[in-house]
Amino acid sequence: MGILVEPALLLVLWQTDSLPAVRQPPAIIKQSMKEHIVDPKDTMVIECEARGNPHPIFSWRRNGKYFNVARDSQTSMRRRSGTLDIYAWNNPEQYEAEYQCIASNEYGSAYSNKIRLRLYSKEEVLEPVVVSAGLPLVLSCDPPRGPPKPDTYWMPFNWPVQTAFPTMQPVRPDRRVSMGVNGDLYFSNILFNDSAADYCCNARFPYKNVIQQKMPVVVKVLTTRTVAEAAPTWLSPTGSSSSILVLQGEELLLECIGAGVPTPGITWTKNGDDLVVSPRMKVKNFNKMVQIPKASFDDAGEYTCTATNKIGYIEHTITVRVKAAPFWLEKPTDLVLAPEENGRLLCHSDGAPRPTVSWFINGEPIETATPQPNRQVSGDTLTLRSVTTANTAVYQCNVSNQFGYLMANAFVNVLHATPRIIGPRNELIKVIEGSRTLLDCRYFGSPVPELRWSKYGQGTLEGNRFKTQGNGTLEIKNIQIEDQGTYVCVVSNVAGRDESQVRLEVKEPTLIVTRPQSMKVIRGSDVRFECVVKADATTPVTTTWMKGKKHVTLGWRISLDESNLVITNVNGGDEGNYTCVIKSELDQKYASARLMVMDRPDPPSKLELSDPYERSVRLSWVPGDSNHNHITEYLVQYDDDDWLPGKWRNLSTYPGNLNSVILHLTPFTYYEFRVIAINEIGMSRPSRPSMRFQSSGAPPDIIPKNVKGVGTWRNNMEISWEPLTYREWNGPHLKYLVWWKRRDSREEWKNATTKWLRYYIYDADTFTPYDIKVQAVNDFGLGPESPVAIGYSGEDRPLTAPLNLRVSDIESTQVTLHWDSVTRGSMMGDLKEYKAYYWRDSSQLRWLRVNRGMKSKAFPDNDPEPSGVLTGLIPYSNYKLYIVVANNRYEGPPGNNIHFSTPEGVPSVPRSFRIQQRHLDSIYVDWDLPAEPNGVIIGYSLKYQTEESRVEEFTPNVTSFSVRRYDRYTRYRFSVAAQTRIGIGEWHTEESPHYTTETYAQDQVDISTQGWFIGIMCAVALIVLILLIVCFIKRSRGGKYPVREKKDISLEPVDDNDQEGSFDYRIARISTLPYPRREEERGLQRGQLSMDAMMKRSDSDDSLVDYGDGGEIPFNEDGSFIGQYTGTRRDVRELDFGGNLELHSPMNTIYSLA
């Protein structure tokens, strides 16, 4: 026997699956609320979603008229949806209106509710409120409109002086201050402290997670000498009576807020009797509000609130009326009917007053729609008999009274369809033995098909453990192994039939044979939870472990051994409930165990200080969890650093059975304390610090250290000492009491008090000893005195200089000094040291320029025969020297200057050492004179080697060398050093580059051998020659400019050092300017250049220091002078070196030609 399914149930089956070939009228599935509040700053969205086949087309009405969305540039409708997006860039207020969405296709039209779009209220500028103390005050909030109704609260803005941001804490209501139902803030009477903050109203929308904040209100309170008492008056509501209309099921709030001094109390009655607070009712806000979350008709009546203080009382009666907006008893549902079937739409509702019912077809009132003889309306019921396709439409039911309306859409779809099974076919379903199983067979057809279930296509399954549900699903209870097999579902009607098969497999259930056991372990040990499973052989299972409600994360410390959980090195974080989850594709099993870890204790909490004294305070705390191990002791730490908080130090330890101890402290110190609990496992984390505490004051305990007296001027003395640290003050306003008297005298001690770290004594004799001592003092008394120290008044400039300065043991780089000591009486202070000032005046090589910078060196006093050694001198130099004596403040007058000369030493390294490869078969090296010859250079030594070392000796004027290469791939190491009579100086060593190619060698060829260079030099010589000829012709014609002629003057060798075998060539000089001879000699010394510079200088230079002496040259009448310059330039290397090499300047020849 088949099962006949009701049309409404068939419709549910149809709507839950996609049947694109079946037509369907529109149905609204999503829409915005009737009262839709939006923020104009964001995109305003009005939702409207519908389904149907074909897909509906959407349109909108605004204020009952067609709204052309396409022509409005600030609105758009989403694709395949009726949802409206409004981008209110300009004038958003124009979009505040009533909107209705219409979804239509060829089978009908569905209408949404009428949606009222409203905008949030705008911000306003609030003026300061001025009120006298004792008067009531109401601060208006006017929060944005809902729904949903926002949560309103007030925040005071306090601006502490020491912070850059306000402190924000919600205003806490009390008997005097209340927040009303409308969001306003009520003050029953104003106090002066109410002006300490600005008040700001905030509205929070919980579903949008948005907070709107109004501008703060400034409250200024006018104070009076006394605040007069006042009888109660009403702030909300006003008057003696009011009424409230509430709808059934809505929240009912009754509020009475009174004003007066003192603040009045509130009591309630209902219908003349004391108000009985039922479980549905709450009395809140210090008895000022009665809240009923869901009002019923029983809550109607007269509620009286009474405000009372000692001056009087006042009453207010609130009449509550309860009505009901329309509400559904039964909404109309969609119908899918076959031709000639009957159907009915029910629209049952109720309300107070009873709502009226109106019917519409595709949005058109049914009274004006096309009449149909098979359609009948009877109140809230619409009946269709023997339906045809003409009855296909969307029907709307509207029920309304004066408090609201409800509207529902329901379509009637008349069609003739062959039976069809919806969903997958030929399924394989696996189940567990003993379970309850459902075999689905959802179908569709019109007229409603007949359904039949069978096993292997034979018979009908019904009764006993088998039951066919109304939606076509076959239910099998307590399934057994023999129920395994193939099940067939067949549906049929007059239009045809359809069938589907389901193959059922029954498996054995999964069982946990060995369950994990709870355990208690020590931190750091290993744990193993057993979980052994038995399951169907053909069904794979997986094992996972849960800790609490989270999966256990496996890693190096937590791992799985088959299905067992292993935890190594357990810590406190591992404590908890562990669950073994055995899961197969059909079922899952659980088994749990608890792990307790004995760990170090939790930190103590709620530290409190009490019984403060000068040097102690009591500290109490609440012990933390011992974590399954007894607490043995507590460690108390403290922090007393005001500038760098967080530096905790240990104070003391106490037994673990104590939670209140006496702490011994330093006076007048700010403290913070924290406590650490200790058990056998270890130490807990520190507790939160206690409140900041300052101990009482006491006189200082510490003696000022390092007391000393030093003069800063000749007639004063500065007494100084190390200050006491802030922890050593023991009280406020620390100062120092300074004592002093002249040493070895009978005068009494003098004293002075200062808050600084030094004190000055004036009108003292120069460098006089004093006895001094210092003691600290604060507001609580005097501290101990320091030991007596000896100080001295100021020093003056020494009167005499050390005499008889002399030198001995003169070496090339050092000399020993001797002098006579000065008398103590002339020091005008303590003899600190002797100080020698010296400078290198010149070199014994007259052509060498020197640095005359002054240097100094101090020598301590080593009576009776003071002496010292000057080091770091340069050999072969002339030095000047004088010495002074110094005390701690001044240096005395300088003594007599002395001169001394250092002997020769070994020279420094030759400069500019270069290695070049000018040809493939030779290497060329050259160098320059040492920066410090330290004597007369007598030659150079050059060492070079590849496999064996060779040494070449050169005369002073030879500074280059060429060596032939026998192998292009061999590298040479060259070392060069200059030598004087004393010996060879420091060697300079370099290694030749690795020359291996002809190209590189060609790049190293001397530039003087290049053709282009020779050509340029010839051109320059020709131009110079032409210019000289022109100058000679003009001079012959009497031109008014100086000219110079040079003649060769023979060089006369003067044997100044016969014993050394060297020669000194002296150049005759001709004075050409009226300079003193001394200035010319200085010019000659400053004009001594390096060897290269003197080789390159031209004889046309204007310097006069290179020429011999001579008489003055007469000037012509035009101021020019004509003289004859003679003398030949020589290589500087000949100076003082000996030898008879004579070099002539190439410019002499040019002058001769001119």
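Glycine residues also receive a Cβ, built from the backbone N, Cα and C atoms like all the rest.
Noted in TrEMBL for the protein shown:
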DOMAIN    26-118  domain 'Ig-like'
DOMAIN    232-321  domain 'Ig-like'
DOMAIN    326-413  domain 'Ig-like'
DOMAIN    419-505  domain 'Ig-like'
DOMAIN    509-592  domain 'Ig-like'
DOMAIN    603-701  domain 'Fibronectin type-III'
DOMAIN    703-796  domain 'Fibronectin type-III'
DOMAIN    801-905  domain 'Fibronectin type-III'
DOMAIN    909-999  domain 'Fibronectin type-III'
SIGNAL    1-18  signal peptide
TRANSMEM  1012-1033  transmembrane segment
Ranked first among 26-118, 419-505, 703-796 for CB pairs under 8 angstroms with the domain 'Ig-like' (326-413)
26-118
Give the mean pLDDT for the domain 'Ig-like' (419-505) on the 0 to 100 scale.
87
Secondary structure tally of the domain 'Ig-like' (26-118) (DSSP, helix then strand then coil):
4 helix, 50 strand, 39 coil
What is the three-state DSSP composition of the domain 'Ig-like' (232-321), stated as helix, strand and coil residue counts?
3 helix, 53 strand, 34 coil
Can you tell me how the residues of the domain 'Ig-like' (509-592) break down into helix, strand and coil by DSSP?
3 helix, 45 strand, 36 coil
For the domain 'Ig-like' (326-413), give the DSSP counts of helix residues, strand residues and coil residues.
3 helix, 52 strand, 33 coil
